[in-house]
Structures are given as structure tokens and as C-alpha cells.
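Listed in TrEMBL for this protein:
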- 26-50: transmembrane segment (TRANSMEM)
- 40-289: domain 'G-protein coupled receptors family 1 profile' (DOMAIN)
- 57-78: transmembrane segment (TRANSMEM)
- 90-119: transmembrane segment (TRANSMEM)
- 140-161: transmembrane segment (TRANSMEM)
- 195-214: transmembrane segment (TRANSMEM)
- 235-260: transmembrane segment (TRANSMEM)
- 272-292: transmembrane segment (TRANSMEM)
């Protein structure tokens, strides 16, 4: 007879299986990566918020992306650091649900924000004379609300379907909690959960891919007909930054799917690839925006100069 675990019970988290000698180096490595993510994204966010000349749609969307990256990395990294320092890892069911919720919000919101950014670039390059009249503050708020609101609706439904299931297991065979690890705790039929989870994955990936292909096709055609070389190079430079960020995000998520399909890959390697999804994009995004976006780069330097050396 299956025993249902009480809602207040603790779950065991398998995490990474490493030797005692490797725990402290891995902790320090994880801490260093998280500090890079945290400092980079907080810097980009702060500079955009406090510098009025960056209060433009493109930069405010980058600001949203920084918030999204912080949600994803903070949901996973601090807990992962703590787990490296303990042999027996436990997590409450409530904490596991919160972590899983943040993990899925990050993955879904990032795709929709990148899709909105592609639309913004399309208007800016293909219809520059009407850009200010189209991308008003009201339009920007609606687009960002649609990205975050759409994400919350999809993910809340996902978790309502999971939380309705009775539980008969208490072991999470992963380095962090996610929706699939939660519904696998149940002995009930999880077909609906699998179908809806796949629907969200294909819907978000397919929708963002189609929008980006359509917008960049239009942008490419427009650039080919542009006579001003300076306008053309500026458009290409801006689009290259966005496409780089989008490609890194999509390749990271695709890599997880591919690795999970190989049976000969070690459990630690699968877990590492899963964690990479929450470290690589959030780590490189602020670097890409900081280096390739001149306006952000100059304002970051100005921000640090005024903050660290105010009297010099």
C-alpha cells in the first residue's frame, strides 16, 4: 500500500555526487559564478533605472531581462552552494515548489521578453519614423505585462496540475526542483502533466522562434535596401547583440533536451547541463549588453566613476 507523504514533510534532494575533497572547490566555483551573475545583472539593472537617458524601450526590456536572469540564477545557485557543504540534503516540499516555480518562470519569461525585444527592433529598423508613436510608454507596459502575465498564467496552470497529485515518494533525483521532479513524486497518472508541459515548451519555443524569424527577415530586407552605411551598420550591430543572447538561451535549453536523451551520460553530467541553463545565459547576458551596447557601456563606466570615485 502506498503511503502519502504529509504536506509538511521534507524531501531528499540527490544533488551532485562528489568526493569530500571536491565540495569546497565546487562551492567556491559556484559562489564565484553567482557573484558574476548577481553583480553583472544588478549593475545593468541599476544603470538603466537610474540613468534617465536609458529610459527607452530597448533598454527597459534589457532591464526586464536582467530581472528574469536574477530570478533564475537565485532560485538555483544559493541552494546549490549550500548543498555542496552538506552530505545529506533535505528540502521542504513548500521550498521545492517555490524553487520549481521560479525555475519555470525564468525559462518562460526569458523567451517572451526576447520575443518582445525582437518586435521592438523590427519597429525601430523597419519603421523608424513611426517608432516613437508606436513604442509609447503605454505600449511598452502592455508588451512587458503580456510577457510576464502570459508566463504567470501558463506556469500557474502547470503547477495547479502538479499540486493536485497525491504524493507517495520523497526523493528528488536532480540538483534542483522542477515541475517534472515534483509530479514524479506521485504514483498517480501524470499523462496530463506531461502533455501540458510539452505544450508549454513547444508553444513558447515555437512562438518565439517564428516571431524572431519573421521580424529578422523583415529587418534583413530593410537593411539590404538601406543606402546609409552608418544606419545599416548600427541596425546590424543592435540585432547581432539580441540574436547572440537569444541563440545562447535557446542552445542552452536545447542542450539539456539532447543530453537527457543519451543513456550513457552520467547523472552528474546531466545535472551539470541542467545547472548550466541557469548560469550561462545570466552570466553572459550583462557582459554582452555591456560590451556591445555603447550607451550602456558608457553609462556603466560613468555610474562606477560617480559611485566609487565621487570626489575625483
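Each residue, glycine too, has its Cβ placed from N, Cα and C.
Note that TrEMBL annotation is computational and uncurated.
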Quiz item: Counting Cβ pairs under 8 Å that sit 6 or more residues apart, are there three or more between the transmembrane segment (195-214) and the transmembrane segment (57-78)?
Solution: no
Quiz item: Of the listed stretches 57-78, 90-119, 140-161, which one has the most C-beta pairs under 8 A with the transmembrane segment (272-292)?
Solution: 57-78
Quiz item: Do any residues of this chain, six or more beyond the ends of the transmembrane segment (57-78), have a C-beta under 8 angstroms from a C-beta of it, and if so which?
Solution: 30, 33-34, 37-38, 41-42, 44-45, 48-49, 99, 102-103, 105-107, 109-110, 113-114, 116-117, 120-121, 124, 135, 140, 144, 147-148, 175-176, 238, 245, 275, 278-279, 281-282, 285-286, 289, 293, 295-296
Quiz item: Where else in the chain does the transmembrane segment (90-119) make close Cβ contacts, counting only residues six or more beyond its ends and a cut-off under 8 Å?
Solution: 5, 7-13, 58, 61-62, 64-65, 68-69, 71-72, 74-76, 79, 143-144, 146-148, 150-152, 154-155, 158-159, 163, 167, 172, 176-179, 181-182, 200, 204-205, 207-208, 211-212, 215-216, 242, 245-246, 249, 253, 277-278, 281
